[in-house]
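K.L.:
Let me give you the structure first, and then I'll get to my questions.
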C-alpha cells in the first residue's frame, strides 16, 4: 500500500525566476510555477497514530518556506520507475534506523503546478522537457500514478541465441540488438568457440564477452600491431609506454597490473583506531603512494551530473581496490568541452556549429558536470585539489584539411592519490574455496553497456541504449564500503581481504571473471544471492548492470565472521555470491529457474581474441601562419583573459571541499585574497609529519592539430613545470599518469597517436628519468549528426593529459604565485629559447586561427636542468614566488601572479625579441620566478650551473599599487589597472555562477573582486598561539576519554580525533551503530564530539536524519540525555555534527534558543577559507580567545542560521549564546557573500548553551589545527595553528 505525504516547497524564489525566464526565452506562456516535494511511502503494514506522526516528523526537513494550496496543472517529476534513487535508499535507511520497519521504501518526487495560457501538446512537451532529466526521471500527471514506482515484476529467464540453427547471422542480429559493438573477427571467434562447445550461447554470455573485450576494457588499440605508411612498426603503443618503466623502475612498487599504480612514500605516523578498543593512535610505518587517473567521457556527454559523479566515484573505487585494500586521499578533476556560448556573454570566437540531439551542450556539461564530480568527492570525504578546464571548438585547417575540431564528446577526467600499507601493495593468493563477495549496494537496472557504449563514437548507438548506459551515484554508500576496507587494511596481517577489484564497466560480468582469473582460479556463482532491488530483472540485467559503489572481493572462508562483523558495524551491505574453484571455469546458477545462464571455460571469455592490426597513413598538417592585422595587444589581453581555459576557475573550485582530512597543505586558492592559481596540489603524508604528496596536471591538446608529438611533449613538460614548485628532490621521484584521448580511425589521427606515444614513451620520458606506471585511453572521441541535410562530425584533437605525482620532502616549502612587494626581481626562464611560437595558442584561438608552428620541448637537457635548478632554489629558500608559463603566455603568468599578490607589475620585455605580441603570448615552456633583489646574482648563478644561462631574462619587478605596466626600451607596450584585468579574468566565473547559483551571491562576489582596498585575510589573536594551556594537565598522565561520534556518511572523524589526541585526550571511535546495538554506551566518556560530513548524504535535512535516529530510539535517546545532563562533561558539534545537535534541543539543557541550520543562500555547497571572530559567550571551548579574528575552513551546503523570527534572533543575541561570527577582511561582521558563505543573519556561525558546556559550530577547526593545513597563514606561525587552542581548552576544562 502507498501513502502520500506532502513536503515543503522545493524551489527557492530565484530558482523559480530562472525557470520562468527559460520558459519566456522559449516563448512559452507560463506565468507562474509552484513546486513542492511529495513523499511516497510503500508500506508493508498500516502505521498506528504514533508511527504516523513519527513518519510525518521524519519527512519535515529543510528551510521553513511558506507553502500554499497549489493551483495550476500538475506535473509530477519522480525517478524513473524500475530505478531506486539515492535519496530513496538513504531515506529508507533512516526510517528503519528510527524503528519504522513497516516502511518498505520511501521515494520522493517534485510536484510542479504550472499556471499558463493555452499551450499546445507540443508546448506542454517542451515544458515537461525543461522540468526533468529524461535520463533519470519521468513525469506523471496525477499523484496516484507514483504507485508505478513500487510495482514489482516477475523475474524473467535467460534467453539464448540460436547460433547452431541460424549460424553467423544470429550473432550479427544479437550484436545490434544488445549494442555489443563486436568486431567482425570477434563474431567469427564466438561462432567458432560455441560451435566447439556444441551449444547455443545465452544472451548473458555474449554480453559478458562484449564487455570484457570492449575497447574500454581491453585497450585493443594500445595492444595492436602497427603498420604505418606500409612499414611494420617494432612496438605496440603499450610497449612504448612500458619502456618508461623498463628505463626508470626506481621507486615504483606496482605498475600496469592493478587498479592503480603504487610508488614509495615516506615513513610517517598513520593515524587510526584499534579494532578491539576503538582507541585512536599513530602507527609509524611507510605510507606508500598510489595514483590513478580515469576518464568518464561518454556518460558525461549524455547526463553530466551522474556522468561526472560516477566518474569520480569509479576512480575512488579503483584506489580503494588497489592491492589488498587502500585509502583514497585527494582528487583531481578535468574537463575539455566545446565552446560555452554563455547567453549574453558570447565571445567573438564562438560559432555555433550544431550538435547531435542526444548529447547536451558544453554549457550544460560545465554547469552540471563539475557539480556532480564535486558532490561525489564532497560526500565521500575526499578533497578535490587540482584540475584543468579547456574549451575548444573551431573549423581549422589541420592534418586532414579543413574540418570541425572540438569536444562535443567531452573529456571528463577524474584522478587522485591515496596511501597503502607496504604489506598490502601486492594482491594475495585466492585459495580454492575462498568466498567471493560483492560489497556495496544492490543491483539495479541501470548503466547497462557502459563499456561497449563508451567504445563507440557518440551518435552511432541507439538513443535508448545511451539511456541504459547512464549510471547513478550514491557516494555515501561508497563511503561505507571504504570504511569497511579501511577496517580491513588497519588489521595488518589479519586483513581478511585476499583480493579486491572495483565494479565498473560491465558490472559483475566483468569484475567477477577478472577477480578469479587474476587470482589464477575459476568461480561458481549463484545469481539469486546478488543483492537486488528489482526482482523483475533478467539474469543479464542482474549480472551485467553497472550499479555503482560496489567492489568484488575474495575472503578466506574462516575470515568471513570477522568480515561480517565489520560490515554490520559500518552498515555496508554485502553478499557472498560464490566461491573460487580449482578448475578455470565460470558457472552461474539461477536457482529461481534452476538453470545455468553461464557455463563457460574462462579462456573462451578472456582468451586470446584476435589481435588487432592498425594499418594507417601519416598526414602532415598544413597550418596557415597567424594573420596579425587588426590584432592589438590591448584587445588580445581582454580576449585571452575571457578564454575559459585561461580565465578564473573559482566556479569550479569553491563547490569542492578542499580541507577534509586535515592533511591538505596546498589547495588551488592562494594567499590572503584566495586566488585560484596554485601550480600544484600538496597533501601531508600524515597528521604528524611534514612529508607529503604532490600532484599536478599538464595538457596542451590544441597543439596536436599542428604537431602530434609536440603536443605530447608539452603535456609532460607542463606537468613538470607545475609540480616543480614544491620540494621533491630527485626527478625520478615523479611518476606520471598518461590519459590518451583520440578519434581512432579518423584520417591521420592513428599515425599521429603512434608518433605522440613514441615521443613520450621512447624518447622524452626515458631521457628525463620519468616513468609512466599508469594511464588510460579513450579512443572514440568523435560525434556525428545530421544538421539540416548535411552530415556533420566534430572530432576532438588528439588529447594527452599528463598527471604528475610525487613524494614531497617538506610540504612547508611549496612555492605559490603570490608576489611579494619587498625589494625584488622577476626572472623569466624561457625554455623556448626565444622561439616564441604562436601556433595553437590561446591568442590564436581567440582570433579564430590555428597558426602554423607551435611551441615544443626545445632542449630536453635544459628541461631537466630547469627542474633540478628550481629544486635547488626551493631547498635553499631562494624563491619568493613561482608560476609556470602556460595557456595565455607570459602576460597571463604575470597577471595571475599580480592577482595573487594584490600588487602591481613593472615589467620590461626588451630582451625577449622585437615581436612584442609573440613575446607576451607565446606558450613555450618556462616559468617566472620572483627572488629578493639581493639574491638575484646567486640565483642566476644556480640557473647557469644547470645550463640555463641563455634562458634567463630579467623582466622587471613587483611593486605595490594597482598598475600593471609592460615596457620595452622605454616605450609602453601595455598598461592597465590590475583591478581591471582581475575583473576581466573573473567575468567567465561570474557569468557561470550567475547561471548556476543564486545570481545575487554571484554579483556580490564579483563586486568584491573590484575592491583594490581589500586588505585580504588577516589575523588578530587575543592569546599566545604557542602557549599550550593543556600542558600541566597532560603532565598528570591522565587522558580523559572523548567519544568521536560518527554516523554513516560522516567523513571528518579522523582529523577530529587527532586534534583531541594532541590536546591530551584518549580519542575513541564510536559509530552510531555501536550505540544503537548497545555495544558501547556514553557513561565512560567525559567529552563527546559529533563530526562533520554527510550523514545519510544529507537526505531528510542535513544532520536531521542522524538526530531523529537518536530521538526516535528510546534507549539511545536516554543515553544522550543522561550525558548532556551530567555535570563535568563537554560536547562539541562541528558541521554535520552541529546540524545534528541543533536538532537535539529537547535533550540539551540551555539550548532552547538554538537556531536550525538550513540551505545556504547561494543554494550551493560552499568550500571557503573564511574569516571569523570569537565573540563573548559562555562557551568553555573558546575561553581566553574572545576578540580573536582568524581564518577557518568552511565546507557545507546547509549552514545558514534560521531563526523563527526577529524576537528569536534578539533573544539568542541578548543571552550571549553566539560564539563565532563571520567577518569581512576589514573585521566587520558581515552578511555579504562570500565573506559570509551561507547568508546567516548577523554572521552567526557558532552557538553555545547557557552553561557553555556544549558548543556547536559550522566551520571546521579540526581541519586547520596544524598551521600547515591552512590555505594561507602568517609566516610566523609554528606547528600549531590558533584553532588548536579550543581542543586544549577542552582538556583544561576537564582538569
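A Cβ is built for glycine as well, from the same backbone N, Cα and C atoms used for every other residue.
Grabbed the feature section from Swiss-Prot, which reads as follows:
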- 1135: active site, nucleophile (ACT_SITE)
- 1260: active site (ACT_SITE)
- 1262: active site (ACT_SITE)
- 307, 308, 309, 310, 311, 312, 313, 314, 315, 316, 317, 318, 678, 886: ATP binding site (BINDING)
- 718, 722, 884: Mg(2+) binding site (BINDING)
- 1042-1295: domain 'Glutamine amidotransferase type-1' (DOMAIN)
- 305-327: region 'Disordered' (REGION)
K.L.:
For residue 718 (Mg(2+) binding site) and residue 678 (ATP binding site), determine the Cα separation and express it in whole Å.
P.N.:
14
K.L.:
Let me check the 10 A CB neighbour count of residue 678 (ATP binding site). How many other CB atoms are there?
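P.N.:
Taking all protein chains shown, residue 678 (ATP binding site) has 26 Cβ neighbours within 10 Å.
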K.L.:
From the DSSP assignment alone, can you count helix, strand and coil residues within the region 'Disordered' (305-327)?
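P.N.:
Helix, strand and coil residues of the region 'Disordered' (305-327) number 16 helix, 1 strand, 6 coil.
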K.L.:
For the C-alpha pair, I'd like the distance in angstrom between residue 309 (ATP binding site) and residue 1260 (active site), rounded off.
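P.N.:
Between the Cα atoms of residue 309 (ATP binding site) and residue 1260 (active site), the distance comes to 25 Å.
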K.L.:
Which secondary structure state does DSSP assign to residue 1260 (active site), in the simple three-class scheme?
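P.N.:
In three-state terms, residue 1260 (active site) counts as strand.
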K.L.:
Would you work out the biggest C-alpha to C-alpha distance among 307, 308, 309, 310, 311, 312, 313, 314, 315, 316, 317, 318, 678, 886, the residues that bind ATP according to the record, and give it in angstrom as a whole number?
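P.N.:
Spelled out: the longest distance between any two Cα atoms in 307, 308, 309, 310, 311, 312, 313, 314, 315, 316, 317, 318, 678, 886 is 32 Å.
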K.L.:
Based on Cα coordinates, which of the following recorded positions are within 10 Å of the residue listed as 'active site, nucleophile': 311, 317, 678, 1260?
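P.N.:
For the residue listed as 'active site, nucleophile', the recorded positions whose Cα atoms are within 10 Å come to 1260.
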K.L.:
Are there residues of the same chain, six or more positions away from residue 311 (ATP binding site), whose CB falls under 8 angstroms from its CB, and which are they?
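P.N.:
Counting only residues 6 or more apart in sequence, the Cβ neighbours of residue 311 (ATP binding site) under 8 Å are 294, 295, 296, 299, 300, 373, 412, 414.
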K.L.:
List, by number or range, the same-chain residues at least 6 past the region 'Disordered' (305-327) whose CB is under 8 A from its CB atoms?
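P.N.:
Here the qualifying positions are 133, 135-136, 254, 258-260, 262, 290, 292-296, 298-299, 333, 368-373, 375-377, 380, 382, 412, 414-421, 424-428, 447, 470-473, 475, 478, 481-482, 485-486, 488-489, 495, 497-504, 548-549, 551.
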K.L.:
Tell me, roughly as an integer, the mean pLDDT over the domain 'Glutamine amidotransferase type-1' (1042-1295).
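P.N.:
Over the domain 'Glutamine amidotransferase type-1' (1042-1295), the predicted model scores a mean pLDDT of 98.
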K.L.:
For residue 1135 (active site, nucleophile), what is the secondary structure by DSSP, using just helix, strand and coil?
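P.N.:
Reduced to three states, the DSSP call for residue 1135 (active site, nucleophile) is coil.
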K.L.:
Compute the centroid of the Cβ atoms of 718, 722, 884, then list the same-chain residues not in that set whose Cβ lies within 8 Å of it, in sequence order, for the Mg(2+) site.
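P.N.:
My list of surrounding residues reads 679, 696, 698, 717, 719, 720, 721, 723, 724, 886, 925, 927.
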K.L.:
Given a separation of at least six residues and a C-beta threshold under 8 Å, show me what packs close to residue 1262 (active site) in the same chain.
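P.N.:
Looking at Cβ-Cβ distances below 8 Å from residue 1262 (active site), excluding near sequence neighbours, one finds 662, 1052, 1055, 1056, 1058, 1059, 1091, 1092, 1134, 1283, 1287.
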K.L.:
Using C-alpha atoms only, work out the spacing between residue 722 (Mg(2+) binding site) and residue 678 (ATP binding site) and round it to an integer in Å.
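P.N.:
So the alpha carbons of residue 722 (Mg(2+) binding site) and residue 678 (ATP binding site) sit roughly 9 Å from each other.
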K.L.:
May I ask for the distance between residue 1260 (active site) and residue 313 (ATP binding site), taken between their Cα atoms and rounded to an integer number of Å?
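P.N.:
So the Cα of residue 313 (ATP binding site) lies 24 Å away from that of residue 1260 (active site).
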K.L.:
Counting other Cβ atoms within 10 Å of each residue's Cβ, which of the recorded positions 317, 1260 comes out lowest?
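P.N.:
Among the recorded positions 317, 1260, the lowest count of other Cβ atoms within 10 Å belongs to 1260.
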K.L.:
Between residue 313 (ATP binding site) and residue 884 (Mg(2+) binding site), how many Å separate their Cα atoms?
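P.N.:
One finds 31 Å between the Cα atoms of these residues.
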K.L.:
Which one of these binding-site residues has the most other Cβ atoms within 10 Å of its own Cβ: 315, 884?
P.N.:
315
K.L.:
Rounded to the nearest Å, what's the C-alpha distance separating residue 307 (ATP binding site) and residue 884 (Mg(2+) binding site)? Just drop the number here, would you?
P.N.:
32
